[in-house]
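Record features, source Swiss-Prot:
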- His72, His104: heme b binding site (BINDING)
- 12-152: domain 'Globin' (DOMAIN)
- Ser2: N-acetylserine (MOD_RES)
Amino acid sequence: MSTVAELANAVVSNADQKDLLRLSWGVLSVDMEGTGLMLMANLFKTSSAARTKFARLGDVSAGKDNSKLRGHSITLMYALQNFIDALDNVDRLKCVVEKFAVNHINRQISADEFGEIVGPLRQTLKARMGSYFDEDTVSAWASLVAVVQAAL
């Protein structure tokens, strides 16, 4: 099993992946709140376990009308922005990932459970990127998710 530092280094060292992450982030971040809500809705559609883990948010089907869900969605997107901003520095990426992981460890989210976000992220990327969507972009994001998984 790879360590956080090893996986962070693999992402930081891969210029092609970093380009794909930054390009797709440019699209995703145009509407931070909307994209975050879409990502969470896609997660809840694909995972009943996720709905259970997020019970504290209340009625997630209310979408934008649920202030707790909105808050989580916005916070999630700014965490992703921190990851993107740290793509050129292994130590910085490791630090922001480990801080992000603490929140999930405290809520008893396992690495495998966290990895379930890749499918909903793929759906979100496809919806947001349209004809610019490709599987290489999903793979780049999956590599970033793997860094978080290693920290859990």
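Backbone N, Cα and C define each Cβ position, glycine as well.
Shown here: features listed in Swiss-Prot, placed on the structure.
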{"residue": "Ser2", "record": "N-acetylserine", "contacts (Cβ under 8 Å, 6+ apart)": "Ala10, Ala146, Ala150"}
{"residue": "His72", "record": "heme b binding site", "contacts (Cβ under 8 Å, 6+ apart)": "Gly36, Met40, Phe54, Leu57"}
{"residue": "His104", "record": "heme b binding site", "contacts (Cβ under 8 Å, 6+ apart)": "Phe114, Val148, Leu152"}
Three-class DSSP secondary structure - Ser2 (N-acetylserine): coil
DSSP-derived helix, strand and coil totals, residue by residue, for the domain 'Globin' (12-152): 121 helix, 0 strand, 20 coil
Segment-level pLDDT (mean, integer) for the domain 'Globin' (12-152): 97
